[in-house]
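Chemist: From Swiss-Prot, here are the annotated features:
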- Q85, G103, E104, G105, K106, T107, D495: ATP binding site (BINDING)
- 820-835: compositional bias 'Basic residues' (COMPBIAS)
- 806-835: region 'Disordered' (REGION)
Amino acid sequence: MLNFLKKIFNSSKKALRKARTIANKVQNLEAQMALLDDKDFATKTAELKKLFQEGKTLNQLLPEAYALAKEATKRVTGLTPYYVQILGAVILHQGNISEMKTGEGKTLTAIMPAYLNALSGNPVHIVTVNEYLAKREFEGSIGDVFRFLGMTVGLNTKDKDHAQKQQAYLCDILYTTNSELGFDYLRDNMEIEASNLVMKRPYSYAIVDEVDSILIDEARTPLIISQSVKETKNLYKEAQRFVRTLKNRHYLIELETKTIELTEEGITKAENFFQIDNLYNVEHASLLHHVKNALKAAFTMHKDKDYLVDYKDGQVLIIDQFTGRALPGRQFSDGLHQALEAKEGVLIKEETSIGATITYQNFFRLYHKLSGMTGTAKTEEDEFRDIYNMEVIEIPTNVPMIRIDEPDFIFVSLKEKYDALIEEITSRHKKRQPILIGTTTVEVSEIISKKLKKHSIKHEILNAKNHSKEADIIAKAGLKNAVTIATNMAGRGTDIRLGEGVKELGGLAVLGTERHESRRIDNQLRGRAGRQGDPGYSRFFISSEDELAQRFGGTRIEKIISLLQKISDSETKTSSKMVTKFFTKIQKKVESSNFDYRKYLLKYDDILRIQREIIYNQRKEILVSNRVEQIVQDLMQKTLNKAILPHFTNNPTQCQTQTLITFLENKFFPKQTFDLEEVQELCNNPKTNSLDSFQQHLLQKVKXTLQSQKDFFEKDPDKAQYFAKGLKWITLKIIDNYYQRHINDMSSLRQGIGFVSYGQQDSFIEYQKEGQVLFNNMIAKIANDITATILKFSFADSFXTPPKQKVFLNNDSSDDESSKKRRTRKVRTSKKPWN
């Protein structure tokens, strides 16, 4: 293990050393670039693009391109990128993560690698965590830097219409959010008109801002385009009515994993309540699913921590556990959201089925090159390396960091902790020092707010109930007298700049009300203070009654803290490296557990990923092809040849002709397509291979059918193009219908496969095996349906507008206009299941 850690550390140092060599070359060109006129920058860009087309590599162009971008940044924004920002930019170009502390200028850093990679002619996507940041960079001076350099810049947000999205995706540089990128990908892969695709270029390079938030915190969040399904709402209400009758002895909660199950006594109670013999009988699978969701909703999901209730609009809102923001329009998956609605007595919305889905883990792995920036990635470097093949390189700060990080204050009870916290706030507020108070839940933020009001301390509160003015509140958090309470969000993407005279007061004071289960979130909170060499202060206040201590420490930590207080002769606050290490150990344990779980889920998701890429690849070929008639003909020929094989099993020179004709006319062809005597002659001729002869006969039937349909359209020149469009429409609609069913079948399989472990079988192997069977069956049904539909029925006037799809994130619906937008992705896999 020690050797492994040394190897990682040395590789990081080596990467930084190489980056310094390159950065020095960039710096050496500074004087040369300063001599350029403003009009020369676009000309230089054209020259660099030409050099790339003539064979120069991006690595060879890097020094000049970075120097040019650096000078352009200086002229447009008035800010000159620091040497350390050039280092960060080199790391980004190499497809790695630049860990840059708060205030070190990640925004300027991204300009250089984005510009360089756009010289290749392929698009560069700069991904932000919210639309505010994407719009800010696109509309502001950062976007102007690219325009000054002769690059086109686009913005991709929910409010953009279809034409605007298409135009944005054609730009050299695209500012976008992660969710909009993913939804455009899914929408494009449900499109039936090639002209409607919004993404017609390859996924070449992405720079992900706050990369840990998107690729770690939201890694498990599935992007889903979904449709409503018919589902009785009474089951949710009945299941909720049942769980309200339960006592502690009826269920078991595992605090570490937050899972809940009925005990034997609880199962018996359920069977009596619902008047059934066996709750786990397959016929009661739906009831069991509803009961489990009701249990989770009642005992593991907490209002104002996991979700909010908007009684005015009658809805349950998810709280993002990593940002503290409410997520309007989203739903918890698998019926859990409906269970919460039943619990809170608001209108129960329809449950949904999945039309298309992808996780951020798999979506961002579609890029040829991926890089990212954040101030807090080192604690997750194993995951970035294992899942995304990216190294985390710590970039030195421009000036030394002088923030004072004090040891945690520890307490036995919450009351003692809150009293000490208010005392600290009051003391610092009297000096007019700005204070940022970090909480982990909305509930705690409101408790602190009430206590501050009692002490007549004016403050701002920033949580899921009040985030509309987030940027404005955070921007003012560094002024004298400012007291700001922030829930898990401390305004990432917006710097807290110190007001006049604040440095003399010690800078911004950051006070954490408890440890988060992730060290990264704690580090993000600390990182709000001490930017760019400013003074700052941070300390956490923790108690044995904190959730983290309760889940993992139990009474043990309470006894330790009580003992320490006696030893230190303090009735309340004390500090201890041992207790701090204990909490850090818990955090590492949780982080490791979460990483293992994400890897575990990714293993399952990879099965669906392979299947999705096969389907989307074939679908894309059909959608954009100008030879769809040949593709369909090949598919039909292959399908029919396979279908008739059982009729020639015993003897390839003969078969039961009437049985064969009946089979083909029932399944694929119109009645009276085949002449009995002709088929008898083909199938029972001892001088020829009957199977080969009949397969050629079938091919002629297919060609004749397609030609007659084509002739029908070509009678009218205005309708000539409808034949190919009709073939595409039928083929794509059948693929989509079956694939959407398949996704839901795979989801059901995933939910139910856990039970096989009881039979001493590996659940993943079973999922893989059963998933392959489902996929193969789907492929066969698609091929059969396409063949039968085209051969049996006329499709001359079968064009119809496809239904609107609803967009879902975390299985959450969103009825806004963004559901109309589309986009595509070139999938690397080239497997073709039908031809």
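Note that Cβ sites are derived from N, Cα and C of the backbone, with glycine treated the same way.
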Chemist: Would you pick out, from the binding-site residues E104, D495, the residue whose Cβ has the largest number of other Cβ atoms within 10 Å?
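Modeler: Its Cβ has the most other Cβ atoms within 10 Å: E104.
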Chemist: With a radius of 8 angstroms around the mean position of the C-beta atoms of Q85, G103, E104, G105, K106, T107, D495, what other residues of the same chain does the ATP site pick up?
Modeler: M100, T102, L108, T109
Chemist: Taking DSSP three-state, what's T107 (ATP binding site) in: helix, strand or coil?
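Modeler: Where T107 (ATP binding site) sits, the three-state DSSP reduction gives helix.
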Chemist: Starting from each candidate's C-beta and looking 10 angstroms out, tell me which of the binding-site residues Q85, T107 has the most other C-beta atoms.
Modeler: Q85
Chemist: On a simple 10 Å Cβ count over all chains shown, which one of the binding-site residues G103, G105 is most densely packed?
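Modeler: When each Cβ's neighbours within 10 Å are tallied, G103 leads.
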Chemist: Let me know the DSSP-derived helix, strand or coil state of Q85 (ATP binding site), please.
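Modeler: Note: Q85 (ATP binding site) is helical by DSSP.
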Chemist: Using all protein chains in view, find how many other C-beta atoms are within 10 Å of the C-beta of K106 (ATP binding site).
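Modeler: The answer is 24 other Cβ atoms.
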Chemist: Record lists Q85, G103, E104, G105, K106, T107, D495 as binding ATP; longest Cα-Cα distance in Å?
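Modeler: That value is 17 Å for the farthest Cα pair.
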